[in-house]
Amino acid sequence: MFYQSSSSLTQILHSFCGNTEMETPYPKLIDPSKTRIGWIGIGIMGSAMVSHIIAAGYSVTVYARDLRKTKDLQTKGARIANSPKELAEMSDVVFTIVGNFNDVRSLLLGDDGVLSGLTPGGVTVDMTSSKPGLAREIHAEARRRNCWAVDAPVSGGDAGAREGTLGIFAGGDSEIVEWLSPVMKNIGTVTYMGEAGSGQSCKIGNQIAGASNLVGLAEGIVFAEKAGLDTVKWLEAVKDGAAGSAVMRLFGEMIVKRDYRATGFAEYMVKDLGMAAEAAMPGAALSKQLFTGMVANGDGKLGIQGVVSVIRRLNGIS
């Protein structure tokens, strides 16, 4: 992510505001004591991410269909909205990180959605892994309403969310992404990828590479098992060679220990890889089949490292 000095950023804002061709005034400088944050999506990752923002001093309002999920955040100071529209009316910037693109469409573009309540000059930031085309549609509708929209899906799993070290892939207007940096720095590192939809395209590419890497790791471990090797020693032997990777560091020991706690749901990986189908990606298609096998076995809510269970079944290992 690129950062400007405060004086440099102020100059950018003043020059941007002075552009009479812009229908929407550039948003006011972010100030934790004044900028109101709205948040939709308080699952494993979302609750950790918004907790960092609350800890940084921002006033935060959350919306959840199940109010029981909001109790912990309420103890930290979060307020509750009764609908996405009401949340938007109470916010300057609204973040969403939900299950799938249908939820995104409803929450942002629906009759009672975020954009129906956001004040002109407001900003939406969708951090869900979603479709590039939907991100462009949301951006166009936001601009029609004199608001702004950024697509900013993340990578790093629940560990990255807890530690505030997520990778964030941003698409949209570069000045808006820059403007958001005082908030975004609390949850991770932003890389600006380009126009609306570019963040989502980056995330799909990330998932293709990550899933294929994870499947390869799982197959390597199962092969080592079938060969009678000590899989802990196998991991130690190969981790610093060409086969070593962040995926191996994150998931290798968990796979060996059959620890399938969710760091990212397998069913979401199926969704993400499905969005790669518009291009000829045979490796991604094979990976999708294996993760789909997890879901078919009733393991869709397990962590993505559980894909090894499908490979073990194929090899007759219980």
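Any Cβ shown, glycine's included, is placed from N, Cα and C.
Look at Swiss-Prot and you will find Lys203 tagged as active site. The feature NAD(+) binding site is assigned by Swiss-Prot to 35-64, Ser129, Lys271.
Overlay of Swiss-Prot annotations on the structure.
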{"residue": "Thr35", "record": "NAD(+) binding site", "Cβ contacts under 8 Å, 6 or more apart": "Lys28, Tyr58, Ser59, Asp92, Val93, Val183"}
{"residue": "Trp39", "record": "NAD(+) binding site", "Cβ contacts under 8 Å, 6 or more apart": "Gly46, Val50, Ile53, Val60, Thr61, Val62, Tyr63, Ala78, Val94, Phe95, Thr96"}
{"residue": "Gly43", "record": "NAD(+) binding site", "Cβ contacts under 8 Å, 6 or more apart": "Ile97, Gly99"}
{"residue": "Ser47", "record": "NAD(+) binding site", "Cβ contacts under 8 Å, 6 or more apart": "Lys69, Asp72, Leu73"}
{"residue": "Ser51", "record": "NAD(+) binding site", "Cβ contacts under 8 Å, 6 or more apart": "Leu73, Lys76"}
{"residue": "Ala55", "record": "NAD(+) binding site", "Cβ contacts under 8 Å, 6 or more apart": "Lys76, Asn186"}
{"residue": "Lys203", "record": "active site", "Cβ contacts under 8 Å, 6 or more apart": "Ser129, Pro153, Val154, Ser155, Phe169, Asp272"}
Binding-site residues considered: Ser59, Tyr63; fewest surrounding Cβ atoms within 10 Å belongs to Ser59
For Ser51 (NAD(+) binding site), just give me the three-state DSSP call. helix
